[in-house]
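First up is the structure itself, then whatever we jot down about it.
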Amino acid sequence: IDYRKCQASQILKEHGMDKVIPLPELVCTMFHISGLSTQAEVNNHSNKEYGIFQISNDGWCAEKQEDVANSVCGILCSKFLDDDITDDIECAKKILQLPEGLGYWKAHETFCLEDLDQWRC
(Lines of atoms letter the chains of each structure in order from A and count residues from 1; the text may use other names and numbers.)
(Lines give C-alpha, C1' and ligand atoms only; values in the text may rest on other atoms or scores of the structure.)
Protein backbone atom coordinates (compact mmCIF):
# COMPACT_ATOMS: atom_id res chain seq x y z
CA ILE A 1 0.00 0.00 0.00
CA ASP A 2 1.15 3.52 -0.75
CA TYR A 3 -0.33 5.76 1.92
CA ARG A 4 -1.20 9.43 1.61
CA LYS A 5 0.28 11.58 4.35
CA CYS A 6 -2.99 12.13 6.24
CA GLN A 7 -3.89 8.42 6.05
CA ALA A 8 -0.50 7.58 7.55
CA SER A 9 -0.87 10.29 10.18
CA GLN A 10 -4.29 8.99 11.23
CA ILE A 11 -3.06 5.40 11.58
CA LEU A 12 -0.04 6.56 13.58
CA LYS A 13 -2.33 8.55 15.87
CA GLU A 14 -4.61 5.52 16.36
CA HIS A 15 -1.53 3.63 17.58
CA GLY A 16 -0.47 6.39 19.98
CA MET A 17 2.54 7.59 18.03
CA ASP A 18 1.48 11.22 18.52
CA LYS A 19 2.36 10.72 22.19
CA VAL A 20 5.85 9.51 21.26
CA ILE A 21 6.91 11.99 18.57
CA PRO A 22 5.36 14.93 16.69
CA LEU A 23 3.46 13.35 13.79
CA PRO A 24 4.49 15.92 11.13
CA GLU A 25 8.16 15.07 11.78
CA LEU A 26 7.47 11.35 11.68
CA VAL A 27 5.31 11.42 8.53
CA CYS A 28 7.90 13.61 6.78
CA THR A 29 10.64 11.15 7.73
CA MET A 30 8.58 8.17 6.58
CA PHE A 31 7.89 9.88 3.26
CA HIS A 32 11.57 10.50 2.65
CA ILE A 33 12.69 6.98 3.57
CA SER A 34 9.95 4.88 1.96
CA GLY A 35 7.60 7.13 0.01
CA LEU A 36 4.99 5.98 2.58
CA SER A 37 5.00 2.58 0.88
CA THR A 38 4.64 -0.63 2.86
CA GLN A 39 6.49 -2.50 0.12
CA ALA A 40 9.68 -0.43 0.15
CA GLU A 41 12.74 -2.66 0.33
CA VAL A 42 16.23 -1.17 0.13
CA ASN A 43 19.71 -2.67 0.18
CA ASN A 44 21.88 -0.44 2.34
CA HIS A 45 25.50 -1.59 2.24
CA SER A 46 25.51 -5.00 3.93
CA ASN A 47 22.04 -4.57 5.46
CA LYS A 48 18.54 -4.59 4.06
CA GLU A 49 15.76 -2.22 5.15
CA TYR A 50 12.07 -3.07 5.06
CA GLY A 51 8.69 -1.42 4.84
CA ILE A 52 7.22 1.97 5.52
CA PHE A 53 9.75 2.64 8.33
CA GLN A 54 12.71 1.05 6.52
CA ILE A 55 13.55 -1.13 9.51
CA SER A 56 16.95 -2.77 9.21
CA ASN A 57 17.75 -6.45 9.41
CA ASP A 58 20.77 -5.40 11.47
CA GLY A 59 19.32 -6.73 14.72
CA TRP A 60 15.83 -5.20 14.58
CA CYS A 61 14.18 -7.98 12.57
CA ALA A 62 15.22 -11.42 11.35
CA GLU A 63 15.65 -12.83 7.86
CA LYS A 64 15.02 -16.41 9.03
CA GLN A 65 12.43 -17.82 11.43
CA GLU A 66 15.11 -19.36 13.65
CA ASP A 67 16.60 -15.89 14.28
CA VAL A 68 13.34 -14.14 15.25
CA ALA A 69 13.85 -14.66 19.00
CA ASN A 70 17.21 -12.89 18.82
CA SER A 71 15.88 -9.80 17.03
CA VAL A 72 14.92 -6.72 19.04
CA CYS A 73 11.42 -6.56 17.55
CA GLY A 74 10.93 -10.35 17.53
CA ILE A 75 9.66 -10.50 13.96
CA LEU A 76 10.58 -11.61 10.47
CA CYS A 77 11.69 -8.67 8.31
CA SER A 78 9.34 -9.79 5.55
CA LYS A 79 6.38 -8.98 7.85
CA PHE A 80 7.25 -5.30 7.40
CA LEU A 81 6.33 -5.60 3.70
CA ASP A 82 2.67 -6.51 4.21
CA ASP A 83 -0.23 -4.07 4.33
CA ASP A 84 -0.72 -4.29 8.11
CA ILE A 85 1.63 -1.70 9.60
CA THR A 86 0.73 -2.44 13.23
CA ASP A 87 3.87 -4.54 13.75
CA ASP A 88 5.95 -1.92 11.91
CA ILE A 89 4.67 0.76 14.29
CA GLU A 90 5.45 -1.36 17.36
CA CYS A 91 9.01 -1.90 16.16
CA ALA A 92 9.38 1.80 15.28
CA LYS A 93 8.39 2.64 18.87
CA LYS A 94 11.36 0.59 20.06
CA ILE A 95 13.67 2.37 17.62
CA LEU A 96 12.36 5.73 18.85
CA GLN A 97 13.45 4.79 22.38
CA LEU A 98 17.07 5.00 21.23
CA PRO A 99 18.93 8.11 22.40
CA GLU A 100 18.94 9.47 18.84
CA GLY A 101 15.18 8.91 18.43
CA LEU A 102 14.10 10.02 14.96
CA GLY A 103 17.79 10.58 14.19
CA TYR A 104 17.99 6.82 13.59
CA TRP A 105 16.60 7.72 10.18
CA LYS A 106 19.12 10.02 8.45
CA ALA A 107 16.35 11.58 6.33
CA HIS A 108 14.91 13.16 9.49
CA GLU A 109 17.85 15.50 10.02
CA THR A 110 18.18 16.24 6.31
CA PHE A 111 14.55 16.95 5.45
CA CYS A 112 12.30 17.07 8.51
CA LEU A 113 13.57 19.48 11.14
CA GLU A 114 11.84 22.62 9.88
CA ASP A 115 9.14 23.80 7.47
CA LEU A 116 6.81 21.00 8.55
CA ASP A 117 3.52 22.73 7.68
CA GLN A 118 3.03 20.59 4.57
CA TRP A 119 3.15 17.47 6.79
CA ARG A 120 0.33 18.55 9.11
CA CYS A 121 -3.14 17.03 8.80
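From the backbone N, Cα and C atoms, a Cβ is placed for every residue, glycine too.
Keep in mind that what you see is a predicted model, and the values were worked out from it rather than measured.
Per DSSP, the domain 'C-type lysozyme' (1-121) is made up of 60 helix, 14 strand, 47 coil. For 1-121, the entry in Swiss-Prot reads domain 'C-type lysozyme', with the evidence type sequence analysis.
Every protein chain considered, the tally of other Cβ atoms within 10 Å of the Cβ of CYS121 (disulfide bond) stands at 13. The disulfide bond annotation in Swiss-Prot covers CYS6-CYS121 (among others) and rests on sequence analysis.
The disulfide bond feature in Swiss-Prot is assigned to CYS28-CYS112 (among others).
Sequence-distant neighbours of ASN44 (N-linked glycosylation site) (same chain, six or more apart, CB under 8 Å from its CB) are SER56, listed in sequence order. Summarising the annotation, Swiss-Prot assigns N-linked glycosylation site to ASN44.
Swiss-Prot lists CYS61-CYS77 (among others) with the feature disulfide bond. Same-chain residues at least 6 positions away in sequence with a Cβ under 8 Å from that of CYS61 (disulfide bond) are, in sequence order, TYR50, ILE55, SER71, CYS73, ILE75, LEU76, CYS77, LYS79, PHE80, CYS91.
Under the heading disulfide bond, Swiss-Prot lists CYS73-CYS91 (among others).
Spatially close to ASP82 (Ca(2+) binding site) yet at least six residues away along the chain are THR38, judged by Cβ distances under 8 angstroms. Positions annotated as Ca(2+) binding site by Swiss-Prot, on the basis of similarity to another entry: LYS79, ASP82, ASP84, ASP87, ASP88.
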Completion exercise
Note on Ca(2+): the CB centroid of LYS79, ASP82, ASP84, ASP87, ASP88 has further same-chain residues inside 8 Å, namely THR38, GLY51, ILE75, PHE80, LEU81, ASP83, ILE85, THR86
